[in-house]
Structure formats: structure tokens, C-alpha cells
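**Q** Quick one: the structure is below, and I'll ask about it shortly.
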């Protein structure tokens, strides 16, 4: 496993290294002929039209794909023209007239004269629209209408209006429309607008492989606008080859849409990238299979621009480096010759061992060319091979002494009929070699596993190879492996699994069965029960009340506690209680005693059922008469004493 | 000899107590003895059967102790021999204080008895 992981990491690291030095110097893909046919069929099957924008976009798309014979073309053209003409009189907005005029201009002499007949109506609409507000969009539409119909355009005023509109609202879309508008102005100094190109490109969102703006429409307009300006001014645009390639990659991610408008935008921009004189992104494509072997050693590549066509000038392609996944690098620096646009290279001139290889290419044009030059474009190719088992034997040896008790020689693809019996003192050893069918030499693979199964249980081991002798060994030490097996003794089926990235015939070989007896073997417990069940219920135990003393004792003591009262009465009588003096207080005394008695009744009720608040209220009530009566009573007693 | 002395001291004490102590004070003393006895019996009970419920025991015991203290105060204040110290407090006034304090004490006791 480690072997595989490390080589995978090496491969991906190597690839990343290759790609990171030059992010996207080549396009990720190009339009295939199948793509072109599919899109063309899609565009031609949009009738009947629901709105003016549809035929406009369809025609724009078809123009980008180039004219080719199509069965229904004339009928298609007539329908488009008729549809456009039917809408002229009813259209009073600038956009509809823009569509109509563009459709007519595209269809040419079969449609344009009929539209020009209505030019007075069209011109009045245009002038009305421009009177109110001169937005960038309106300027674009009006200028395009005039150009389409072959009318005069006042370049100076239009340019001034463009600059004013840009000052008001400087968005990317408006700048793109400014490019498209300015490129239609005949013979005028457009430097003020053209110098905005670099800024606009710098504002695009970027990923390692693409460049784009927030909508496909804006991106498309920017690209077509930049190259329209380049064509107009005759100066190279301020866009690098990498930026152009990244724009191309973005367009290529949008080719599978079925929306006609989006297709038109993609195609128009792709055409601008394909057919300009300054920066043309290209791609290096593998036309042969990604798998080569000695029987089929040739790799074929071709150069293509975004719409799938070969570059207009002659190019030489050079194989710069050939790197094996393990890291071995060769620098063939071979120049490849082109035969009908295909460049062939026999990989086996420079490599011999199987595996995944990364080739880097560079291109060079014979003369000067707008097509982007490639310096280090990578391509991945796999050299495959087939293996078979050479010699193989299974042996049982003693753990401590190393003596071999039994040897069984194996023959691929047959299973062994003998069963090997191993106990805790022994070691199961398997030795085998893998032979490359073609070179007849020993080979190493990424995956050589030994699998032992018994019912549901399955244990894998890795067979390790000796780097010098290229022989694989698998050892099963019965003591150390007991943990892996869970000490489950029994008869196990043994098989060898061989696999590799570059292997054409990975296989699993059923070797036979072995009987393993582990020390302290456990009985087969079966599968663990993972079902969830409720745990036993916990009964809540309330706090136990403390035991009260038995009622006999409490009752006895209640009597005992009250008994001194009797003693008190006896003593008082003995001492000489002034019974006759009870009347001294008079009425007040009676009232006092009654109130005091009332207070004690309140206390009794408080003990039984009242709460503190109620008690306090009652006490407050009772304390008034108690105090008054008591006060008067004591005064009387005091005065009577004197 | 010492035992004879003790006996004679006690006898003398009792003699002078009987003759010289006013009746009112003797009544109060009897009351104090009663309170003390009640408290002792409560304490013995608690020692016997344990402190559950503790709040009831405390309330009863504190009632005894509080009453005893208030009784002692009353005795001190009404003793004619102490009259010079309590010029502003007449015996009736002392008795009124005694009553009021008892009312408050018993409110607390009843609250705590549970």
C-alpha cells in the first residue's frame, strides 16, 4: 500500500509541477467536428421563431461556424427574412430594429434592400431614442443599425457620446459595447477607447485555467469587442497569449448549452479568438490511444485552434521531456515531422519500462504566426504491459528454526490440490515471480496482495518484492498474525491479486486452501450484535424517611414533659397564690386575658394551617386590644398597690 | 466536718430563703423551676431517641431556655432589693415587658416547631 501511495503522490506531484509552471498555455480542448455539427443542427432547428432575438442569434452563430452546404438553407433564410420584415412597422424600440437590421445585413442581398426601403421609419425611431438619453447600449444599437443599413455615421459625435456614456457608467459590459461600437466607426482615431483594453482584461475573474466576467454575454462582448478594435486599428491588443487562452478555456466550458443566445455568444467569441491576426490560442491533442505498447508504440498529436482547425502556418512540434511516474526523466528533444497535420513519435525509442509517462511538448512556427507558441505543454501516456506468474511455491517452515517442513510448487492458473496445515509453531511462506510477457523478464507491479478468506472474514496481506532479485515473498507468521485473524482457526481460501496502472491483464489467482490453527483459538462468536436495545430500567428510590421513635416512648415523654405543670400549680398554691387579688385588674384584666388567649389561639392556628403573613395580620389586629387592656390593667394594679 | 458544714450552710440558706424572700419572688422561682424541669425532660428525650425532627426539638428547647431567661429578668427587675438599679422601671412595667417578650418568643417557637 505504501508503495502505491508514494508513487501516486509522485505522479500527481510531477503533474502538478508541470502544470503549475505554465498555468494554461494551451487550450484544454477544442471544438470537435461532432460538436460543430451538433451545434449547427441545433441552430437550424429553432423555427418557428417566437421573438426577434432568436433569428438574430441563430444567424450570428451560423456565421461564426462558417458557411457550408445545408439542405434547408435557402428556405431557412427566407423564413428568417420574412419574420424580420413582418416586424419592422410594428417595432418602435431600438433593440428590435437592431435585430432586424442585423438579420438583414447577415442575409445580404436577399433581404437587405427590403429593409432599406423602410429606412425613414427606422431613422426616425433612432433619432427619437437618441434624443432622450444616450446610454452605451443605445449608442451601440443605433450605430450598428446605421452600419448594417449602410447609412452615414458621424464618427466624431458618436465617439464623444461613447466617452460621455462611459464616464457616466463605467461597467465592463458598457466598455465592451464601447469597443463594439467604436470598431464600426469609419476612419477615426480610436486610441482613447482602445487603451481601455488592458484595464478591462485585468478586471476579469481568474482561476488557474480560465478568465471570465460575471456573465457569458459580457465575456463574449469583451472578447469580440477587443478583437474588433484590433482589426479596426491594425494594432495588437493589450492581451497576453495566456489571457487569450484562458478566455478560450472559459468559452469551452459553455459549449453544451441548448440556449441559442448563449451558443451565439460562445461561437462569436470563439471565432474572434480563432481568426484574428494577433493572438490565437491553440491546443495540442492526442489523436492516438493513451495506451501504447511494443505492439503499438506510436503516439500521434495534432495542433488545433479553438474551432478545431489546424493553424494556418507550418509548425514544428518538439518532444522536450519524457518523465516516468517514478521520476526518471529523459530529454529526447526530438523534432517531429508533420504528416497531414499529425505529428508522430515512437515512444519506445527513448523508453523501455512500462508505466505512466508525462511528455512535454513545445511548438515553433516556420514563419511568424499569431498562433500561441507552446513551450511546455504536458500530455500523459501509459505504456502498458502484461504479466504472468513465473515460478511460484508455497512452503511451511518452522518459526524458530527456519527449517522447511513442506513445499508445494504452484502452477498458475491452477489451484493447488494439497492443503497446507499450519499451527502456532510454523510460518507460511509463498514465493513467486511475475514475468513480463513481452520481454520475458521479471517485472514488479504496484499491487500484489494475498487474500485469505473464511466465510465472512477476509484478511489481506501485501507481498513484498526484493528489488534485486525481483522475487515476491509473502510470509504469514502464525503468532504475530494471530491478532489479524482474531485467532479464528480453520480452513482459509488463499488467493493472489495482481494489479497495476499500466497492467493490461490484472488478475486474481485462486491458489488453494490452507488450514490455520492459532494458539488460544476462540470459538466462532459469529458476527457482533450491533443492534440497539433498551438498557435495564433503573427504579427510582425516593429518599427514605427517617424512622420516628415508637409511639409508646413519644407518648410517655409527652406526658412527662407536661407533668411539671402539675408540680408548678402545687408549688404556687403552697407558696401562697394571691387568688383574691385576681379581681384587682377589673374589666381590663378580663379583656386582657381574653386578647392574650386569642393570640395563643392564633398561634395554634399558625402551627396547623396559617402562614406567616396571615398570622402577622391577625396578630396586628389582636395586639391592639391586648396592649390597651394590659396597659390599663397594670395601671389599675399599680395604683391599687400604692 | 465538711459535710456538716455543707448541711448547715444549706439549712441556713433555706431558712433565710423562706423567711426573707417575698411571696411574689417565690412564685417566680417556682415558675423558673418548672421551666427548668420541662427543659431537662425534653433534653433527656432527645438524647434517648435521637434528633429527628431536629427543628421540633430546638423549638421546644429554645422555648424553655427563652422563658427561663425572661423569668430571670422579671425576678431581677421586681426584686425590691434591686430597686435602686431600676428606678425607672416599675414591677408592672417589668411584667409588661415580660409578657411582650413572651409573645414574640412564642411566635418564633410556633414558627419553628414545624
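Every residue number used here counts from 1 along the chain in the order it is shown.
Note that Cβ sites are derived from N, Cα and C of the backbone, with glycine treated the same way.
Because TrEMBL annotations are produced automatically, they should be read as predictions rather than curated entries.
Keep in mind that this is a model prediction, so the values were computed, not measured.
As listed in TrEMBL for this protein:
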DOMAIN    A:32-273  domain 'Ribophorin II N-terminal'
DOMAIN    A:285-383  domain 'Ribophorin II second'
DOMAIN    A:391-516  domain 'Ribophorin II third'
DOMAIN    A:542-639  domain 'Ribophorin II C-terminal'
SIGNAL    A:1-24  signal peptide
TRANSMEM  A:552-575  transmembrane segment
TRANSMEM  A:587-606  transmembrane segment
**Q** Report, as numbers and ranges, which residues of the same chain sit near the transmembrane segment (A:587-606): CB under 8 Å and 6 or more residues beyond its ends.
**A** 612, 614-615, 618-619, 622-623, 625-626, 629-630, 632-633, 636
**Q** When the domain 'Ribophorin II third' (A:391-516) is classified with DSSP, how many of its residues are helical, how many are strand and how many are coil?
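**A** Per-class counts: 4 helix, 73 strand, 49 coil.
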**Q** Can you check how the pLDDT averages out over the domain 'Ribophorin II C-terminal' (A:542-639)?
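**A** A mean pLDDT of 84 is what the model gives the domain 'Ribophorin II C-terminal' (A:542-639).
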**Q** When the domain 'Ribophorin II C-terminal' (A:542-639) is classified with DSSP, how many of its residues are helical, how many are strand and how many are coil?
**A** 82 helix, 0 strand, 16 coil
**Q** Using DSSP, tally how many residues of the domain 'Ribophorin II second' (A:285-383) sit in helix, strand and coil.
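**A** Output for the domain 'Ribophorin II second' (A:285-383) reads 3 helix, 53 strand, 43 coil.
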